[in-house]
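So the structure is just underneath, and the comments pick up after that.
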Amino acid sequence: MVYLDLLFVQNVLMDYLLLSLTSTWRHRPVRKWRLWLAAFLGGLYVLFFFFLAFGFLYTFITKILFSCIMLMIAFGFGDWREFLRLVSTFYMTAFAVGGGVFAFYWLLQSQVDVLYHFHVLRTMDMTQLSVVFVLAAGYPLSWVFAKSAYRSLQNQKLKWDHLIRVEGAISGQFFHCIGLVDTGNQLYDPLSRIPVMMAEISVFPFLPQQIRRLVEESNQPHFLPELDGLDDLWASRLRLIPYRTIGQQQSWLIALRPDRLSLWTSEKVCETKKVLIGLTSTPLSSDGAYQAIVHPSLLQYQAS
């Protein structure tokens, strides 16, 4: 007898586990309700197996599409590359967990149980051709998936090791974000030689509209800042920093001087006032993992 309610709960819990592990291994924090919603959908999917009218949902293509829908519900969709990494990690997690459960199951079996299962396998309607196909295609595909997922996780770990928590205040308004420590960032204010940290303007929702407009227009050629009407409090914090990127003409970076800046690494907390924050309207990370690029010299200012 098949208890559909128990089967449903079991699959919801298993899908939640797989999605949680995917979130952990990809370092993609996500709200719990999104994981539960995606897992609930996965639990519903297995129930369709018992209704002949929904047999079309159990083809190879629809299974892949259904798992992609679950991942979209749980993690959203940023770009194709990051989403494919999520799919790869999800399936490798499923293979690893499924293999572990299968191995543990066989570990607990007696000799009689093992012989019985071999008898069942021998009497199944499986042609030699299908066995050869499974062996010929399954192992190489598993190897490709494993190698790709491992390389992706290693790259993600390398990036994650350089991510830190950033907190600060500008004119009494607090902000926080995740920053990537980039050793290649050697941008300084040419006049004061103060290091410049880049940050997405979305981190600072309290900025006046005029500063936001300046940031949007600063990438345009022949940019001339219009500061008329800007509050003196903000004007005193504003800096225009000339910079040039590869293959582009000289541009202007709109930067602000904060009240303070705190950087939280795994080993220490660094605080400084000697920093400028360059603003950009362009996302710094394709997958949203960080919203700022931290100047490496800022890590020398350890909090007292």
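Backbone N, Cα and C define each Cβ position, glycine as well.
Taken from TrEMBL, the feature transmembrane segment applies to 35-54, 60-78, 90-108, 128-146. The active site annotation in TrEMBL covers Asp182.
Taking Cβ pairs closer than 8 Å, the transmembrane segment (35-54) reaches residues 2, 4, 7-9, 11-13, 15-16, 19-20, 23, 66, 69-71, 73-74 in its own chain, all 6 or more past its ends. Counting same-chain residues at least six beyond the ends of the transmembrane segment (60-78), those with a Cβ under 8 angstroms from any Cβ of the stretch are 15, 19, 22-23, 28, 30, 34-35, 37-39, 41-42, 45, 86-87, 90-91, 286-288.
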